[in-house]
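TrEMBL lists 178-254, 266-354 with the feature domain 'BRCT'. TrEMBL lists 387-449 with the feature region 'Disordered'. Taken from TrEMBL, the feature compositional bias 'Polar residues' covers 418-432. Residues annotated as domain 'DH' in TrEMBL: 452-641. Residues annotated as coiled coil in TrEMBL: 621-648.
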Amino acid sequence: MADNSTLVSETGRSLLADSSVLDSKITETSKENVFPGSVLHVEEEMPQIETRVVLIQEAGRHEELLKALETIKIMEVPVLKIKETSPDKSEEKLIKSIIHMEIKVPYIKTDTVEELGDFDSPEFETVFIVSEFQDSPFKNLCKAACRVIGPPVVLHCALKGEPLPFSCRPLYCTSMLNLVLCFTGFRKKEELVKLVTLVHHMGGTIRKDFCSKVTYLVANSTRGEKFRVAVSLGKPIVKPEWIYKAWEKRNEIDFCAADVDFRNQFKIPPFQDCMLSFLGFSDDEKANMEEMTEMQGGHHLPVGDERCTHLVVEENTVKELPFEPSKNLYVVKQEWFWGTIQMDARAGESMYLFEKSDSPGLKKSVSLLSLNTPNSNRKRRRLKETLAQLTRETDMSPFPPRKRPSAEHSLSIGSLLDISNTPESSSANGETPKSCARPSKNSTPLPVKQSARWQVAKELYQTESNYVDILTTIIQLFQVPLEKEGQLGGPILAQEEIKTIFGSIPDILDVHMKIKEDLEDLMIDWTESKSIGDIILKYSKDLLKIYPPFVNFFEMSKETITRCEKQKPRFHAFLKINQAKPECGRQSLAELLIRPVQRLPSVALLLNDIKKHTAEENPDKVTLERAIESLKEVMTHINEDKRKTEAQRQFFDVVYEVDGCPANLLSSHRSLVQRLETVALSDDLCDRGEQVTLFLFNDCLEVS
């Protein structure tokens, strides 16, 4: 050591410190205990101290333990140093240092500690291995401040090729190594002491105050500041049973208390200690929310029950409360309910308090789960101003009011690729989500009177702009938050599920953003000679590349949403929160995702309409015909791919359904044409009257 620090021992006889010294029994020492002379290196001043391992009682009869000890040659040894503070002070701080030393003395077996005689001698650095941390030998060693470890520690070190670790406390196993725990809600000191002791025995660390270094909060209650901070930081919150169960597994060498599957068995349910009532909801909604409450560890009570802790209000239907709430009752919006489930932890009520609309103290709540979507008021206002230029002297609004479609109509895919579909602008397609896209480039005034061709071109631009807004909403409001790392409560969906649901939506958005920009430039600098068809032809190859994968797997996307919503309460809550936002226009995620399926037929119809209003001598007439044909090619390709995909699925259904199906039936060129259920009328193939299934393929007939 090149600084002014020197080595010191507790007794003046040894430079090595036992665990009790490092466990805070000594914090400062005077210069009288410092060995004279300067010290350059630890090794130069360190006396020849013997390192040894002593096995007490049952530990000495553990064959696997003895074999493991033979492979361990090194142990960690604590050293104390003196570091000077200032020249005018006579006291100096002790700083702990850990070095590695070779285990020179073979392990010793003994039934009693007293047999050693010198077990507490400073001439030895002794590690005692004890199988039971409750019997009298263990207690005697603890009183003497000896260094004690359990057999699992030795087995772990042998497996990992690590030295025997130093610990200032008895260490039985390493299942909580590197875990930092904090406790809240415990009123019985005896219980808390027991839990803290077990955590130390498993290698964990305790913090009295909650800080960023804490990795787990062990909670006996959902109230208190520590609980709120843990929720906000996304720290796991577990029941005390987690510690007890981990201790039961202390002899399992590969066990880790931080294992997610093990930990999740003891997580605090979001609605623990909560008694909920629901006001303003339909019978079906109320029944669903009551069921979710029970699933998430809470209980539900009738409105007005004095035991109720939370009154969840549907703020869109309830304007006045039927009674004066008590001071201990939280009156919250339904977003608190769904936000709690999504975060997998009880959300802070202050962000979601319900207040009467005429209350002078009413403040707009900002949800912790809200997203920074690009549709700020400023951008929306600028976009509307630009679109107003395009709609001057006309009654057509860029954001027409629309009715919400029925689920059956919205999600039917049977004829979506039919060229006769209604355009995107049709009022039957549901309310269009408001803009999430960038504002228009400028607001150049346009002539008052425009041609019919301009009117339809304007409609094409408007529907394209709205379509881009819908795609942006899907990505910003749903896909991005689901893919975000470090979600409170962990990932809501697996990456495979997210990919299945959203597919090529980002690629579709990229292409249509470019189409929209080109259409916007065309409308701002409009002349009758401008070519609309060229814009579509410019991106025809991109459309052919991005649309078939999405459309063909749309049914799978819809099924994944339905399945995940049923099986994963947090995803159900996530949809409830985000689908209620104005950007969605009262439409579900599945209803928004059907828009790409509808878009190309809609564009084809509008191009047909533009062609009708295009003069024969206009060069764009021919270009529009080519653009329409390119869209038809994309839709034909989609239909062909869909038929192939469906045929392959049916083919595999046959293979899995028929027992003993010949392997050579599978062929890349073979497809199923028809399946027919029949009854045998003779005894040639099988018994008369037996059911026979005929599978007609494009090149053969199979009978089963």
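Just so it is clear, glycine is given a Cβ too, placed from its N, Cα and C backbone atoms.
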Tally the residues of the domain 'BRCT' (178-254) by DSSP class, grouping H, G and I as helix, E and B as strand, and everything else as coil.
30 helix, 13 strand, 34 coil
Which whole number is the mean pLDDT over the domain 'BRCT' (178-254)?
92
Residues in the domain 'BRCT' (266-354) per DSSP class, helix first, strand next, coil last, are 27 helix, 17 strand, 45 coil
